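Here's the structure, in structure tokens; my notes come after.
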Amino acid sequence: SLVELGKMILQETGKNAIPSYGFYGCNCGWGGRGKPKDATDRCCFVHKCCYKKLTDCDPKTDIYSYSWKNKTIICDVNNPCLKEMCECDKAVAICLRENLDTYNKKYRIYPKFLCKKPDTC
């Protein structure tokens, strides 16, 4: 669910997910679509594509559990769809951390109507 995703992002980046990424660029947060503005926005684009592959669970509401051991996210989930969802969230959290140096405050609250035609997954 969005709760686990937010926790992972905080653990990996040290940033609070909603204010930092909830409205970032064209692909982060609700209703995001369009050509990614930068590497951080591309992380969110790839994450949305990952979610599109999920067929038996709802990323917004279904809950899974994970472990945080030695600063590493471990998706220890038995349900195949929830495990895949956890892996999607883990991947975006790591991607956001790896691209912290390109995080651009001008994209933090980006007007979605400025976003051009979306890339395809």
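A Cβ is built for glycine as well, from the same backbone N, Cα and C atoms used for every other residue.
The shown structure was predicted, so the numbers you read here are calculated from the model rather than taken from an experiment.
Per Swiss-Prot, the range carrying the annotation region 'Important for membrane-damaging activities in eukaryotes and bacteria' out of 66-78, 79-91, 105-117 is 105-117.
Annotation in Swiss-Prot places Cys28 in a disulphide bond whose other cysteine, of Cys26, Cys43, Cys44, is Cys44.
Of the cysteines Cys26, Cys43, Cys49, only one is given by Swiss-Prot as the disulfide partner of Cys121: Cys49. Most Cβ neighbours within 10 Å among the disulfide-bonded residues Cys49, Cys81: this distinction goes to Cys81. When the recorded positions Cys49, Cys57, Lys112, Leu114, Lys117, Cys121 are screened for a Cα within 10 A of the Cα of Cys88 (disulfide bond), the ones that qualify are Cys49. All protein chains shown were included, and the count of other CB atoms within 10 Å of the CB of Cys86 (disulfide bond) stands at 22.
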